[in-house]
């Protein structure tokens, strides 16, 4: 007991010595020099809102970037709060520097305030020169543990061993570095050592940290704070027992440790195992000052080279290059002629090529020299033999007289491969270089550790500071994150052109988590009707048991086993099934010869059963309740002999049904038996069928203050969100995902009807905006993706991308909608199929839980059939509605406002040339009159002979005549209505390729078959003639509405016309026409037939007329102004739009093609002779 207490005291002492006293210090600059080597545990920055990266130096001003476990640089966010926002870290440093994370960050004139929590670290940096020491485990406080943590901070240029422990009972823990890669060998007593390795080019003489972390069933290896590898221990044991004596910086000399380095040469600043500082326990004579001379080096960038004069052999250097095929070393003569080339091929293998004899040799062994690690190169010539060594192995050689010629003529060595070079025998600081070269340091940035390529993509370092991903089929993008595969069958059917394919069923590859780690799944998508007659999309997952399984002979219960293979993992099964509201699977069990299902033998136990995806036994069949030992027939009491299953009756029978319990599905295995030589069973399992993907349920937001929210942490390399949404407002917030302090966020919103994706981080903002508007009330598919190199936005397949460098924020809380949130305008519309970084957001389930007012499940807006009248379209705003009356002759908020005019006899109303954009096949007019034998409208084509007339005959009946301009005349009459009965009648007529129809008051009165395509060419309209007297409204010519928008429709009129609603009940017709304007005003009205028409609504309530005296006075006051402006208005408003051509030469237009010229016959003032319009202008 006393011994255990001593061990605990020593352990506590070692921990206290390691940690030391901690305190907070602050610096008003971006650089903070500490008082010696300290352990930094917390960081915070105070100042204007910005973002900073962190670099630390242990010694020699060698600064390294601090990174997170996922490989991203650590980002410190400064705040204006007086309370520090701490970021927890754990590293050693003598100096800490921060610098803006953004290249063009806003400069803070005051400078940021850097706050650190530092702890005393009294252990000196120890230098090892092929020397080592031992530590007694009990003296260091090391005990057997189920969780272990080994941390080593080191720098070296060579391979070596850090820690060595091999216990007598077989437990092993060895940490070493070999060719720049850290290797850890461990065993917890199973006598089967496991290995884990990570890192690359760590023998570069810079400070690095390796951390081996064991947590019972998990082992991780991190390099410089980045998790690079992880595995699971083998065997049954999980506790690590150390040898009584552990070795630091070496190992004992024995014959059992082959493949393990014997010593270590370099420096170690920290070596801790389970918080025991083993470096502090080193002997005093080992504490040498860390002095590591830095060899001369330089970095060759693309298209650069270095020329090294030949002085002596061997010619030796170390290199770390980018995997680009081309020459590594070229031997030149004095005339710059190539003697020998050492080149790198596409597989990063070396070849030797002689320019003299054209001899080519491949390296043997074939060493990958472009893997990003440091390699040694040595060229030597001995007599008639030239040898090239890579990493100490002779891989290339050349023999014969050719070697003599090379040695005699050799003048220069040319290095041209892009990468880093260093040498202790060659002065690389003074070599002649061509191109972009960085001297004195290696600027090679490892971009493929950890692998940034997702979904099985391979990373290749393409430049000193860049990489490319070789993506697998179906994925693309910088990091192989982007995929065009649908998330579900519902999404696939929604895609244009797939609805018809789904009727028969189609094999589809779906990716549930989008660009996430989960692999795609092959399913069958089919549109079919369920048992209650509702059409829906079914997702069908097939297995490999295509035919029924037959079992016979003597078999014990469950003796015959068969595993059903679906081609997916258990994780994929869980994600697939759990995402649906309902899944089912057909099951059939046929028994013959007395075989039983649930009551076998004296124990009356099941003879056959199945296994679920969670490896549980399913002890029921068909629709029977889970684990009930019943079959489907027991539910309705139809089993034979009142048993629980038909196959428990002892007779030949069948139990079948559809298993509807998702927790039991799919059936992954069959355990069959209970048969004899005279009995048999036959089992059939159908495919898994699922319906109603929960995330595809639409959710309607009818209150812009409503919201749905949830928590999800984002700390990945790539952000993405995909959803389906429809809306009608031009300004809205769809989805936001923000940090806890609301200073950093992703925001997807609508601005001016366009989709906008915005990333805000550290006071910097990046936006991407769609090209088109989408506030049309229709579903649109949106996908937005962002990473450190840029982002792109895809709406309905139309993609827009932005290339820029920025940092993705760390966010936690997502919100859909909510006007009350900061910077949010709320959401009103329908949203579904939301996937946020591979996670399905089933908003319908959130809506059920939160019961938020203004949020409802389903696609149900405000619009109802009776809200908009007279053919107006209801535009659903989801928090309200508006009526679109633009395609009707009506107006007002509900399309009930009439636009009409009282037309006295002698008036003229016409459209001299209709805008071509308004021409169509359907037209409309409403009249109220007592006139007979009058024309309702006349129409013709400017450049054709076709005509159309509609009149009221002597009996008040409707009569129409048409001529197609070539052969056929049409004439019809309808006697069903008396159009002269002083009642408003609504007349509409439409033509098509094969029919012409006329309707009066909604009743079809005339139908003519034939070719009526000529009807679309009518572009000259005359309404009513001089005999007509009454009220007219609802005029529609194609897509134009002359009474509603006279300027747009190019309406001209003349006469004593009064505009207002029709019919006008406030005054009689006599009162409406009984006014005597000034003669000048009358002539002005006639002359300015194309002046602006202003339409006023006349109230239906009766009002007293304004006295004629007051009206006359007003008219006299305005007459002078009207006379002055009439000529200018006439000129500007009377000419139709277009281009006029003169017909004087007859080259452009033929006057005979028009029935009526645009300029009517006039009389010359000089000779009173008529001047014909055919000699003037025609519109072409």
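Glycine is no exception: its Cβ is also placed from the backbone N, Cα and C atoms.
Taken from Swiss-Prot, the feature compositional bias 'Low complexity' covers 1161-1171. Annotation comment: Swiss-Prot describes 124-290 as domain 'Laminin G-like 1'. Sequence annotations record features per position, and here Swiss-Prot assigns domain 'EGF-like 1' to 444-481. Marked as domain 'Laminin G-like 2' by Swiss-Prot on the basis of sequence analysis: 695-863. The feature N-linked glycosylation site is assigned by Swiss-Prot to 229, 302, 336, 355, 436, 522, 636, 933, 949, 978, 997, 1011 (among others), with sequence analysis given as support. Annotated region 'Disordered' per Swiss-Prot: 1142-1180, in sequence order. Positions annotated as signal peptide by Swiss-Prot, on the basis of sequence analysis: 1-20. Taken from Swiss-Prot, the feature topological domain 'Extracellular' covers 21-1108.
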>> For the glycosylation sites listed here (336, 436, 522, 636, 997), tell me which residue's CB has the most neighbouring CB atoms inside 10 Å.
In response: 997
> C-alpha of residue 933 (N-linked glycosylation site) to C-alpha of residue 949 (N-linked glycosylation site): distance in Å?
Replying inline: 13
>> With DSSP assignments reduced to helix, strand and coil, which class does residue 1011 (N-linked glycosylation site) get?
In response: coil
> Which whole-number value in Å describes the distance between the Cα atoms of residue 1011 (N-linked glycosylation site) and residue 949 (N-linked glycosylation site)?
Replying inline: 18
>> Here's one to test understanding: among the glycosylation sites 302, 355, 436, 636, 997, whose C-alpha is closest in space to the C-alpha of residue 522 (N-linked glycosylation site)?
In response: 636
> Which one is closest to residue 229 (N-linked glycosylation site) in space, judged by CA to CA distance, out of the glycosylation sites 302, 436, 636, 949, 978?
Replying inline: 302
>> Please report the Cα separation of residue 336 (N-linked glycosylation site) and residue 355 (N-linked glycosylation site) in Å, rounded to an integer.
In response: 12
> How many Å separate the Cα atoms of residue 949 (N-linked glycosylation site) and residue 302 (N-linked glycosylation site)?
Replying inline: 81
> What is the nearest of the glycosylation sites 302, 436, 636, 978 to residue 355 (N-linked glycosylation site), using the Cα of each?
Replying inline: 302
> So how many of the residues in the domain 'EGF-like 1' (444-481) end up helix, strand or coil by DSSP?
Replying inline: 0 helix, 13 strand, 25 coil
>> Return only the integer: C-alpha distance in Å from residue 636 (N-linked glycosylation site) to residue 978 (N-linked glycosylation site).
In response: 69
>> If you count CB neighbours within 10 Å, which one among the glycosylation sites 302, 949 has the smallest count?
In response: 302
> What is the number of other Cβ atoms found within 10 Å of the Cβ of residue 978 (N-linked glycosylation site)?
Replying inline: 15
